[in-house]
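Read the structure below first, then the notes.
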Amino acid sequence: MENISEQMRTSGFGMVAIGEGPDTSYGLAQCYGDLSPLDCVLCYAEARTVLPQCFPFNGGLIHLDGCFMRAENYSFYDEYEGPGDRAMCGNTTQKSSRFQEAARQAVNRAVGAAPSNKGYARAQVGVTGTSNESVYVLADCWRNLNQSSCRACLQNASASILGCLPWSEGRALNTGCFMMYSDKDFLNKKPGNGNSRAIKIVIAVSVVSSVIVLVVGAAIGRHVWKNRYIQKKRRGSNDAEKLSKTLNDSSLNFKYSTIEKATGAFDSSNKLGQGGFGTVYKGVLPDGREIAVKRLFFNNRHRAADFYNEVNMISSVQHKNLARLLGCSCSGPESLLVYEFLPNKSLDRFIFDQTRGKALNWGKRYDIIIGTAEDKSHISTAIAGTLTVEELFDPNLMLQNQRDNYIKNEILRVVHIGLLCTQEIPSLRPTMSKALQMLTKKEETLPAPTSPPFIDERTMELNDTCEDPCYPLNGDTFASIANVTHSSFYPR
């Protein structure tokens with residue numbers, strides 16, 4: 001999905017195919033036609049945080065109220081219908097027969113207009129006999145579809161959402177398109193097309209108003225600045241400012257532009273690997289130092305003080321089994337963690353290597369886990385992927401030790417503790433000293449882990465027929481784990 005990000009920023013649509021042969025992965029993302037560029041970027045960023053929920057499935061569809069994302073291990077770009085197509089009916093208010101007729105007209109109007117308008121159409125039809133009631137419709141096909149496929153998809157979608165009548169709202173989540181009707185005006189406003197005289201008047205009024213606002217604003221701003229300056233002098237700098245100064249003095253705070261240049265604008269040729277929380281790239285700083293940069297899927301600007309504080313603390317930790325954290329950056333559009341570069345690559349390259357992995361039997365791996373935990377038993381942190389108990393889980397390792405139930409149970413216990421250390425709510429996570437106790441005292445009963453962090457969509461579900469946010473498209477949970485779909489919506 002890294003390759004799609006730039007396409008989404010410039011056009012609101014992106015497609016990518018990465019890999020070769022059977023290892024090729026295909027991705028697609030698109031924002032709905034009425035979304036602004038900024039809202040599109042935010043929606044896509046939210047969809048990327050939801051995607052890890054689809055693990056261990058090898059494909060997934062994500063519908064959010066503003067954008068769509070799909071990832072598969074096969075080329076799906078020509079598909080416009082599938083077994084996962086469905087309607088979601090929201091707001092069970094019963095509407096009149098006149099409203100239902102207006103809804104049918106609006107839906108049919110959108111279906112007719114969208115295929116020849118790059119797959120996008122919106123419609124509004126007033127309800128007869130009322131002065132202020134209307135039906136609003138949005139229809140959007142994925143831009144990779146041709147006109148005939150788009151039309152076929154929207155026809156299927158219209159048939160499914162009209163089945164929501166007489167309810168006042170319905171959505172169709174189809175393989176190749178999205179459609180929604182509602183009695184509420186959920187559509188983002190289109191810019192007006194006033195005549196030239198009206199435009200001139202607006203410009204003149206805007207210029208005069210702007211001058212007045214600037215003069216008044218400057219006076220108010222100077223007054224506010226003066227008061228804040230006096231207050232700052234009295235109480236001193238706040239913690240965030242002190243922390244920022246500390247980071248700058250200690251060179252922990254990297255400029256985003258510096259990291260971007262060091263990695264060649266995150267060029268795919270510099271990609272070292274990818275984990276559940278971000279992609280790692282190799283980079284070279286201006287002073288010649290080689291670094292590994294983790295480009296996080298989530299952005300920490302809203303909690304920058306906490307983020308910097310944890311980075312400041314973690315950077316002082318040194319252990320032979322850990323890559324040293326050099327600093328971070330969250331001043332740019334994405335949050336970045338900067339590590340020292342390990343020429344011999346990461347531990348997982350040895351663990352999962354068929355030849356070299358044999359040298360790392362479970363005993364040695366367990367020693368690494370215990371040693372790392374003992375070295376950090378006095379530290380508590382919430383940054384994902386830095387100070388959690390190492391999972392070190394390998395299916396081959398489980399198969400090698402399936403006859404030894406003691407080792408098998410020990411491996412599962414370590415995985416269990418790792419999940420406890422990455423729970424969403426910080427207060428539920430054990431301290432490193434507690435984690436060490438769990439590792440060494442095998443008789444201690446472990447609590448069940450809750451959800452991991454950074455995947456809470458904060459969304460409103462509409463009549464989701466499945467309790468699991470990710471479920472197989474073919475409707476048979478046990479028949480296949482190839483694909484999953486997830487749908488979440490914000491009130492517009």
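Glycine too: its Cβ is placed from the backbone N, Cα and C atoms.
Quick look at what TrEMBL annotates:
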type	residues	note
BINDING	Lys294	ATP binding site
DOMAIN	1-76	domain 'Gnk2-homologous'
DOMAIN	81-186	domain 'Gnk2-homologous'
DOMAIN	266-492	domain 'Protein kinase'
TRANSMEM	201-225	transmembrane segment
Secondary structure of Lys294 (ATP binding site) (DSSP, helix/strand/coil): strand
PLDDT averaged over every residue in the domain 'Gnk2-homologous' (81-186): 93
Number of helical, extended and coil residues in the domain 'Gnk2-homologous' (81-186), per DSSP: 35 helix, 37 strand, 34 coil
Cβ-Cβ neighbours of Lys294 (ATP binding site) (radius 10 Å): 25
Counts of helix, strand and coil residues, the domain 'Gnk2-homologous' (1-76), according to DSSP: 31 helix, 24 strand, 21 coil
